[in-house]
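Working notes, structure below.
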Amino acid sequence: WGLMLVLSVAIYGSHAPLLTLCKVDGMIPFSSASVVVLVELTKLGLLTWNRELLGVAVSWRHVAPFALSALLYAANNNLVVHMQLFMDPSTYQVLSNLKIVSTALLYSLFLRQRLSMRKWLALFLLVAAGVSYSCGGLQDPGSPSKMQLHITLVGLLLISVYCLISGLSAVYTEAILKTQALPLSLQNLFLYFFGVLLNLIGYFWNSAEGGFLEGFSSWVLVIVVSQALNGLIMSVVMKHSSNITRLFVISCSILVNALLSVTLFDLQLTLLFFVAVSCIGLAVHLYYGVT
């Protein structure tokens, strides 16, 4: 468990720096839809080595729920792209931390997991940590320190829908994984099959000129493999732990993101970074360390 969680923290934290390394003239040169499809295909490929899939009897009642789960994930991925038209990236980074609250609320409501006031305080500290880090935990020495946020009314509505769907997709998937008496590898097979199907439809629906692999580099390959591996790890977490653990993993990835950003891009840590780290440490202590 410890090794899995540390690896997941490292993958989450390295995602943004890896995307930055892929940029050409400040732009992402490849289709994000292509990457998502390849990630889902890689997950399927990794699952084919599992002998646990052989000889298990299933019916459409086992398979159908994963179609909705994949649809929710696909909708959320596309919503992220469209939201950028109504807000700047900094505002998105700040407000997207609200999905911690939406996930916890839906987790408590639909999975009937009562959270104490201490645990709610821990989760709000995670939100505070994410907001602090997004507001300027890292700074380019040559850039102005003041941060400008911009969002429209439509953008505010879209970020609310995004946080709701994000929490709903995660909690719904956890519920399926835990209620079905099937091997996790088989459940993943259903989920990733629908994921490939829906994302391929989305790719061809929105495809522009250029090839499927146009703009790819060795760094993109690293992203695809790491994200596929992280998807498998998160399925284990949701099957045998909970979405709350996943939220803590994502928050802790701030540390890896900061370390790589300072090392690779000469960014500087600010006071807000240490505020974020303090909030995460206190949140972990409150949620897991106090009885």
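Every residue, even glycine, has its Cβ placed from backbone N, Cα and C.
Nobody curates TrEMBL annotations by hand; they come from automatic prediction.
Here TrEMBL flags 94-111, 120-139, 151-177, 189-206, 218-237, 244-265, 271-290 as transmembrane segment.
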The transmembrane segment (151-177) in contact with the transmembrane segment (271-290), cutoff 8 A, at least 3 CB pairs, sep 6+: no
Contact yes or no, the transmembrane segment (271-290) and the transmembrane segment (94-111), 3+ Cβ pairs under 8 Å, gap 6+: no
Cβ contacts under 8 Å made by the transmembrane segment (94-111) with residues that lie 6+ beyond its boundaries: 87, 120, 123-124, 126-127, 130-131, 134-135, 149, 151, 159, 162-164, 166-168, 170-172, 174-175, 242-244, 247, 251
Leading contact stretch, 189-206, 218-237, 244-265 vs the transmembrane segment (120-139) - CB distance under 8 Å: 244-265
Beyond the flanks of the transmembrane segment (189-206) by 6 or more, those residues with Cβ under 8 Å of it: 31, 33-34, 36-37, 40-41, 43-44, 47, 53, 62-63, 66-67, 69-71, 73-74, 77-78, 173, 212, 231, 235
Surrounding residues of the transmembrane segment (244-265) on its own chain - C-beta under 8 Å, 6+ positions past either end: 5, 8-14, 16-17, 20-21, 100, 103-104, 107, 123, 126, 129-130, 133, 137-138, 170, 234, 237-238, 273, 276-277, 280, 283-284, 287
